[in-house]
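One structure is given below, encoded as structure tokens.
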Amino acid sequence: MKLKQRVVLLAILLVIFIFTKVFLIDNLDTSAANREDQRAFHRMMASLRVELDPRLDHTLQSPWEIAAQWVVPREVYPEETPELGAVMHAMSTKKIIKADVGYKGTQLKALLILEGGQKVVFKPKRYARDYVVEGEPYAGYDRHNAEVAAFHLDRILGFRRAPLVVGRFVNLRTEIKPVATEQLLGTFMTVGNNTCFYGKCYYCRETEPACADGDIMEGSVTLWLPDVWPLQKHRHPWGRTYREGKLARWEYDESYCDAVKKTSPYDSGPRLLDIIDTAIFDYLIGNADRHHYESFQDDEGASMLILLDNAKSFGNPALDERSILAPLYQCCIIRVSTWNRLNSLKNGVLKSALKTAMSHDPISPVLSDPHLDALDQRLLSILATVKQCTDQFGPDVVLVEDRMTLSHL
């Protein structure tokens with residue numbers, strides 16, 4: 001063989017060797033990541049049911065201190081939380097030492113201080129479980145049970161970006177009125193044999209109070225995030241106008257995502273992928289009302305999008321509001337870890353997992369069966385949307401590897 005031919009042959013073999021090595025390394029990395037996703041999924045499934053138990057094995061004896069320690073820039077609570085049941089038990093049973101009107105907003109809520117100084121947000125029951133909220137996807141009162149269900153869905157999806165929520169029954173006459181501020185107390189009334197209150201908020205009306213069953217009111221309590229983690233509010237890039245006949249740009253411009261990608265903090269870092277995770281989360285729960293969102297302050301786009309205020313969810317199980325998925329189908333990108341988790345939850349696993357996760361809650365059953373069935377159907381729509389993206393652009397473009405190391409030191 002001539003020297004020139006040998007050189008060409010060696011060059012070809014070298015290229016094949018390098019390509020094979022790179023290909024194998026990439027596949028090994030991908031396989032390792034996928035295996036870790038599977039292990040994380042099985043760990044989550046094994047710890048779905050959280051027993052509300054007052055016992056603490058942690059060196060910190062306060063459940064509030066334990067929960068405060070969990071919070072880091074990229075998650076509200078860690079993957080493994082053996083003390084979760086004790087924290088949620090405290091949220092649902094600790095003595096209420098002060099009650100006030102809720103923080104500013106559009107919907108009725110109360111701010112409670114529990115024994116030990118922990119703040120929680122109480123949202124009262126307004127609808128029966130089988131009530132269907134008609135009209136726009138963001139219509140109706142807040143749903144307290146939606147907050148509970150959304151928290152457990154956050155656990156199941158592996159996001160861990162929603163504050164802790166648990167159901168609670170409170171006696172308005174003996175637990176709330178004796179410790180209520182004058183501002184809150186002034187909104188109490190009796191309707192028939194039921195104690196009611198209407199609070200202070202943008203849409204709070206004396207003619208539309210929330211009423212207990214006698215003195216006992218069902219509701220949800222959401223754990224207030226530690227004050228050392230102040231929040232920053234952002235306008236959601238896919239927010240609605242809430243004006244009849246006036247569309248937001250994303251509703252008519254299919255190339256809108258290209259413009260979003262050029263603006264901070266969506267031009268770098270994890271925030272855009274967080275937006276897409278949140279769109280998937282919101283589509284599953286039927287929440288079309290995330291016009292703003294919160295992150296931790298001064299984070300420069302690095303901290304998570306915190307899944308706060310999920311009560312405008314689970315209103316109508318028959319309504320699948322596809323526009324909620326606009327960030328996904330317009331940007332056509334999704335985290336590999338999110339994609340793997342969604343695939344693990346198909347074939348009825350999601351419904352079963354959420355039902356199991358919520359079964360311990362004091363207000364169980366949290367959701368009606370039609371809402372649970374709707375989750376599985378909506379999951380299929382999400383998977384189909386991603387499939388359309390991969391068919392059009394290829395999986396290498398659509399499936400984005402973005403795993404961030406989380407520290408709990």
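Backbone N, Cα and C define each Cβ position, glycine as well.
TrEMBL annotations:
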| type | residues | note |
| --- | --- | --- |
| ACT_SITE | D289 | active site |
| BINDING | Q107, K123, T222, L223, W224, L225, E294, D309 | ATP binding site |
| BINDING | D142, D309 | Mn(2+) binding site |
| DOMAIN | 188-397 | domain 'FAM20 C-terminal' |
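The binding-site residues shown are K123, D142, T222; of these, the one with its CA atom nearest the CA of D289 (active site) is D142. Residue annotation for ATP gives Q107, K123, T222, L223, W224, L225, E294, D309. The furthest Cα pair among them is separated by 19 Å. Each residue in the domain 'FAM20 C-terminal' (188-397) has a pLDDT score, and their mean in this model is 96.
For D309 (ATP binding site), applying a Cβ distance below 8 Å and a minimum sequence separation of six or more within one chain yields G105. Distance from the CA of D142 (Mn(2+) binding site) to the CA of Q107 (ATP binding site) is 7 Å. Neighbour count (other Cβ atoms within 10 Å of the Cβ, all protein chains): 25 for L223 (ATP binding site).
Cα separation, L223 (ATP binding site) to D142 (Mn(2+) binding site), rounded: 17 Å. For T222 (ATP binding site), the Cβ neighbour count at a 10 Å cut-off comes to 25, with all displayed protein chains included. The CA atom of L225 (ATP binding site) is located 20 Å away from the CA atom of D142 (Mn(2+) binding site). Residue density at the residue listed as 'active site': 25 other Cβ atoms are found within 10 A of its Cβ, drawing on all protein chains shown. Neighbours of D142 (Mn(2+) binding site) among the binding-site residues K123, T222, W224, E294, defined as a Cα within 10 Å of its Cα, are K123. Listed in sequence order, Q118, K119, V120, V121, P163 are the same-chain residues at least 6 apart in sequence whose CB falls under 8 Å from the CB of W224 (ATP binding site). Of the listed binding-site residues, namely D142, E294, the sparsest CB environment within 10 A is found at E294. The Cβ of K123 (ATP binding site) lies under 8 Å from the Cβ of Q107, L108, K109, D142, H144, E147, G219, S220, T222, A311, each on the same chain and at least six residues away in sequence.
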